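Straight from TrEMBL, the features:
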type	residues	note
COMPBIAS	A:15-26	compositional bias 'Low complexity'
DOMAIN	A:96-310	domain 'ABC transmembrane type-1'
REGION	A:1-26	region 'Disordered'
TRANSMEM	A:32-52	transmembrane segment
TRANSMEM	A:96-121	transmembrane segment
TRANSMEM	A:133-150	transmembrane segment
TRANSMEM	A:183-208	transmembrane segment
TRANSMEM	A:229-251	transmembrane segment
TRANSMEM	A:289-311	transmembrane segment
Amino acid sequence: MTTAVDETAQPPAPAAGERPPRSRSGAGRRRVLAQWLFVAPAVLYMLMYFSFPLVRNVVMSFQSYTPATYFTGEAPFTGLDNWRAVLSDELFAASLWHTLLFTLGSLAGQFVLGMALALFFQRRFPLSGLMRSLLLLPWLIPMVVAGTLWRRVLDQETGVLNGALQGLQLTDSAIPWLSSPDFALLSVILVNIWIGIPFNMVILYGGLQEIPREIREAAVLDGAGFFRRFFSVTLPMLKPVVTVVLVLGFMSTVKILDLILALTNGGPAHATETLGTHTYQLSFLQLDFGQGAVVGNILILVSMVFAVIYLRANREGVTR
Amino acid sequence: MRHRLSRPPRGAAAAAAAVALVCAGCAAEPDPDVYTIMNSATDEPYHSWDDEVMAECGAQAGVEVRQQSVPADQLVPKALRMASSHSLPDVLVLDGSDMPQFADPGGLVPLAELGMPPDELSDGARSFGSYDGTYYGAARSVNSLGLFYNEDMLADAGVEPPQTWDELRETAAELTEGDRYGLAISALSTEDGVYQFLPWLWSNGGDERRLDEPEAVEALEFVSSLIDDGSASRSAVNWTQADVNDQFVAGNTAMMINGPWQKPVLDEHPDVDWGVVEVPVPEEGADPVAPIGGTTFTVPANSRNPEREQVAGELVTCLTASDAQLEWSTKANNVPVAPQAAEEYREQVPELAAFADQVETARSRTEHVGTDYSVYSQAIGTAVQAALTGEATPEQALTRAQSQVEQELRSRP
């Protein structure tokens, strides 16, 4: 875009001869204006829908913001009260810990299984296309639907999973997948892994296709076995894609709300409470928007760190 | 998600555009002859039934009525957003437990000012529609909880529907066999579960404001014991009230605690022969105290157009008149609040008469704690789950809940 403007703006400048500086600066100003005009809609959009709410959210976390605020417009500033209240709450520490386990557990599971499937489908075999598209299904189902579905599957008494496990005599008694605080977080992670596998598989599969066949063949000729090939050739060449998959996966996982609400509502006894569900409960169930904003801001901050990592990784990928 | 709730600033052009986008369709100057009633009746046939009665009442008042239905969980956020842009509907149908949030900042008109004093109402109905002693919300019909039982299963076992806690414990144990539980309850940490815990708490003389007292601990110990005995499923901590009903219909349980709104689903399964009695009480002869649920018709304050408030009052009067209550209640499986209508209801719908009795002694959830109800509700939900999953003893769980409430309320101005 800028080069196009340059070309049209440049010729008149030398032709003006007598007063090149003024004419040049006039054209330059027009060029800058034109550039800004192109950027303006995006900037305006960003300000309206991203910066404004973000700043509001930060300000809100220092205010006493209640339902009454919507009527009176008054939200007195209370300093660090909201932050203190949230950070001193045991539930916040628990949510933070659960969020960490949930995110890392989900990522690890999704990535390993997604990678395994991507490698598997790299071979050519009949019906691989059909199987690959079937594997995409979990990705297409809305989270709430997946959550509701799995809640039925995992029900301690009437769930299909326990029925199958007991039928095959793999377990003696019904496993309280969602009804025991000891199992609930694990179950939620497993369901989220199921949902995330397709995303990892598709992106990694795409990355694998980019690796030139000759390199692999050369490695085979050199006598490298499967694992050697994978760790010394495939994985290093896949590194930019892996970074992108993990960082994007992290950002979408850390804020997951709907899946957990549909599966366990954060329970039992807060065993699956994450930062996402915690901010939802503070804001929309307790209607304490100020404290909800605090947790929301922390979540945004965490995501932002990884967004920066993502941008850096992406730039590396592009310049490569 | 939250930013959409934030109060739009006035003045900024960008924000004005944002408001216009968020609030498409809510005109600044309402049509003088068109009145809006916002409710959560998104489901059929309720929406169409409401359309009919609202059109009728509109015709009586000489105006056109438009029904605007929003999913229940989005009604409060949406109404708050509308409040901040002074564009609330003429009549707002609020859940009883949400009403104080709107009455507290002066957002609702006291109905006495619109010619609707609560003089003839029962205590329960008055407390249900009141906040801080002032009556703001007229109920058309209310509901509560009862003990549903499978008649065939009870007859097979040769037992009667239980009336006391001891009887319930015995009956539930007796009816438990194989894959079948004696009793199903919802112990979700959200309102579904809390609503179901309140009858045990209140009937035992417990008070949500003093959760660490023996009456409350006893109530939670009782519920907990049903699960420890194996008479009720541990999955209760994950069951909504609708899930509980599914378990009942599927024959996985012989009894359940649930509300009259399940009747349409039960009616779809004519093979299930059911009856309903009041929730069992700790001692014989004690009054069962269950929570009242349901919605109230409120009139948002409209300082720019006081005459609209008057007409809105007429609409509410018409919608909540005794005969309108009876008609709605019989159709929608709720209980009318007007005593005379309740009397006729018992005759017309004998299978749900237990709820008409239950409502007489039932209590409003916000009567004592007002706008703080959500804080108490969260704490109770957590305590119930902690006890039922064995994470804490009932006493520990409730002591923790009490200090949690106190801490949260202290952090509020």
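If you go along the chain as it appears here, the first residue is 1 and each next one adds 1.
Every residue gets a Cβ built from N, Cα and C, even glycine.
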Closest-packing stretch to the transmembrane segment (A:183-208), where packing means Cβ pairs under 8 Å, from A:32-52, A:96-121, A:133-150, A:229-251:
A:96-121
Intrachain neighbours beyond the transmembrane segment (A:133-150), with Cβ under 8 angstroms and 6 or more residues off its ends:
117, 191, 194-195, 197-199, 201-202, 256, 258-263
State the residues, same chain only, that lie 6 or more residues beyond the ends of the transmembrane segment (A:229-251) and have a CB under 8 A from a CB inside it; answer 'none' if no residue qualifies.
103, 106-107, 110-111, 114, 119, 196, 199-200, 203-204, 206-208, 210-211, 215-216, 219-220, 303, 306-307, 309-310, 313-314, 316-317, 320
